[in-house]
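What follows is a set of notes on a single structure, which appears directly below.
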Amino acid sequence: MADFGRSNTEQLRRTLQEAVVKCSERCLYQSAKWAAELSNSLPEPLSTSTSFNSDPDSQMQDVDLPPSMPSMLSSNPDPEEARLEAQELPKYLLAKSYFDCREYDRCAAIFIPSILPRGPLTPTSPNAKTRTPTKAEKGKAKESSSNIEIEPIAVSNTLPLLSQKSLFLALYAKYISGEKRKDEDIEMILGPADGGGTVNKELVGLARSLEGWFADRAAKGLESSNQGWLEYLYGIVLVKGKTEEDAKTWLIKSVHLCPFNWGAWLELSGLLNRFEDLQKVVRKLPQNLMTLIFHLYASQELYQSSEVTHHQLNDLERIFPESQFLKTQRALLYYHSKDFDEAESIFSALLHADPHRIDALDHYSNILYVMSARPKLAFLAQVATATDKFRPETCCVVGNYYSLKSEHEKAVVYFRRALTLDRSFLTAWTLMGHEYVEMKNTHAAIESYRRAVDANGKDYRAWYGLGQTYEVLEMHLYALFYFQRAASLRPYDPKMWVAVGNCYDKIDRPIQSIKAYKRALVAGTYYDQGSSFGSGATNGETPQGILDPETLYSIALVHEKMDQQDEAASYMEMTLAQEEGPGGDDDDEMRGQGTGVTNTTSKARMWLARWEFSRGGLARAMELANELCQDGWEVEEAKALIRDLRARLETRRSPS
């Protein structure tokens with residue numbers, strides 16, 4: 001990867017420029033933008049830099065032009081496709097102009113008359129193999145199941161003879177029209193119609209039409225000349241129809257045929273809920289540069305902030321040294337590993353380099369929110385609003401600013417505005433759930449979090465928010481389920497395991513509670529090591545950092561409930577030891593920085609003092625009680641204990 005070479009760089013530049021043209025022709029604007037930015041981040045060729053930096057008044061300025069200038073319309077190596085595209089050019093240009101003006105139905109009608117069936121993509125559609133019986137039908141099915149055969153619906157190609165480019169544009173316009181109509185039917189965020197019953201009614205027609213087209217191509221032996229764009233569209237339709245395994249298959253076909261369509265990679269990444277799923281899918285992908293970029297992006301989405309991921313990112317940055325996309329991925333990796341300072345510095349540099357870039361600013365605002373950097377967050381909100389106040393990312397930035405000011409009603413207004421602009425903007429659903437929790441509106445919070453996890457099962461914050469909300473409602477079994485989902489997504493985040501342990505404690509399952517708390521102690525060392533990748537304590541080495549006093553104290557209380565006083569006392573002693581940090585008592589140079597005196601360590605000290613008092617260790621109890629008076633915590637109770645201790649000591653000294 002290090003020896004990529006100038007010739008390979010130029011070939012990659014031409015390929016990316018061609019991808020920009022092809023994506024733009026099919027109105028895949030986000031994919032075109034991504035490819036254009038990636039192409040622009042490649043190192044400048046020497047001939048281009050010398051010619052364009054010369055004197056603009058020189059008569060020789062046009063002598064040394066770039067070696068290749070891509071055409072505004074891409075060429076097609078398939079002669080039949082090229083002939084069809086040439087015949088359809090006037091209609092294609094008209095249809096694309098309609099699409100650009102957001103007249104999607106007019107765009108589709110140029111090539112396809114409105115004869116496609118409409119309705120939701122149900123299990124009875126051609127892509128479904130069987131139909132799930134309803135509850136009312138299950139009883140009858142038991143009696144006559146042997147006599148029932150589900151016949152597959154005959155699939156035929158009802159589409160006119162068109163080039164793949166024109167066919168994609170028409171069907172994609174149909175899909176976008178259905179999405180637009182669905183959003184119009186829903187009307188209000190979290191309103192009465194904002195539920196699972198409102199769907200894209202164009203899905204069933206698109207599914208049947210594409211299945212018929214693919215079947216016809218297979219029958220004629222033309223599959224080898226497929227371009228990958230219609231496979232991508234069919235994958236999107238299957239994703240919307242919740243047929244995820246089939247969607248993976250078609251999206252993998254698409255990226256094999258058209259690897260530089262970033263939209264297909266994004267859809268494929270959205271179907272991966274675990275790192276194991278990513279490892280299985282990678283084996284089926286083409287071995288090229290785009291697979292490496294996809295692996296990096298999917299690993300970041302799955303919170304795999306490991307040393308291997310950072311090495312992959314380093315290799316890619318050698319090829320694309322100025323890529324804002326790759327720099328954003330590095331910032332998000334640091335964010336996931338809780339290295340907020342490093343993540344903030346990268347986002348700050350990106351903002352200074354391109355102050356009009358709105359992409360990923362919602363993540364930057366989340367980092368500033370966690371860091372309580374209110375002035376920087378206010379500046380970011382001002383910059384984003386000045387650029388485009390009607391972008392979902394801008395609304396989330398402003399919403400986070402109001403949330404940091406504890407103006408939760410205003411924050412909800414902006415998060416709802418973000419969802420009005422883009423209902424699939426997952427960050428806004430999660431953040432709005434947080435605000436409803438602050439406003440004590442648990443029903444709206446649960447609904448917001450559910451929308452977030454329905455759209456993206458990898459969002460651990462939404463799972464954790466659901467657990468917190470049900471914990472407030474004292475429904476601990478429900479809370480436990482959601483906390484466990486969050487912990488499975490973030491196994492090295494101690495906060496998740498502490499929540500799991502607390503729930504087990506509430507439902508009287510102390511053994512599982514202790515296991516979860518101990519898992520939290522191990523997970524806490526993941527971020528406490530010196531590694532900038534946040535991957536410490538994964539190689540079997542003994543943790544060198546301090547342990548969380550709150551978790552140790554919780555373990556001690558669980559042991560106390562189980563009437564295991566000696567175990568409880570040992571964990572209370574460990575809690576006290578965190579004040580000084582690791583290291584021996586006689587070796588100050590080896591001792592690390594501890595937590596100092598906290599409320600938790602003071603409560604542990606009080607517990608130990610009473611325990612020593614109960615078993616007759618009066619000298620140790622008196623020492624602990626005097627320390628409590630000096631600490632400033634639990635002072636009144638410490639003074640009362642000292643009085644009892646003095647009375648007990650006087651009783652011992654008095655003659656019998």
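Cβ coordinates come from backbone N, Cα and C, glycine included.
The compositional bias 'Polar residues' annotation in TrEMBL covers 44-61 (among others).
Annotated compositional bias 'Low complexity' per TrEMBL: 64-77, in sequence order.
The compositional bias 'Polar residues' annotation in TrEMBL covers 122-133 (among others).
The region 'Disordered' annotation in TrEMBL covers 44-82 (among others).
The feature region 'Disordered' is assigned by TrEMBL to 121-144 (among others).
For 578-599 (among others), the entry in TrEMBL reads region 'Disordered'.
Averaged across the repeat 'TPR' (392-425), pLDDT in this predicted model comes to 95. The repeat 'TPR' feature in TrEMBL is assigned to 392-425 (among others).
For the repeat 'TPR' (426-459), the residues of the chain that approach it from at least six positions outside its boundaries are 190, 270, 272-273, 301-303, 362-363, 366, 392, 395-396, 399-400, 403, 406, 408-409, 411-412, 415-416, 418-419, 465-466, 468-470, 472-473, 489, judged by C-beta separation under 8 angstroms. Positions annotated as repeat 'TPR' by TrEMBL: 426-459 (among others).
The repeat 'TPR' feature in TrEMBL is assigned to 460-493 (among others). Outside the repeat 'TPR' (460-493) by six or more residues, the chain places 302-303, 429-430, 433-434, 437, 442, 445-446, 449-450, 452-453, 499-500, 502-504, 506-507, 523, 526-527, 534 with a CB less than 8 A from a CB of the stretch.
Under 8 Å from some Cβ of the repeat 'TPR' (392-425) lie the Cβ atoms of residues 183, 186, 189, 358-362, 364-366, 368-369, 372, 374, 377-378, 380-381, 384-385, 431-432, 434-436, 438-439, 455, all in the same chain and six or more residues away from its ends.
According to DSSP, the secondary structure content of the repeat 'TPR' (460-493) in residues is 27 helix, 0 strand, 7 coil.
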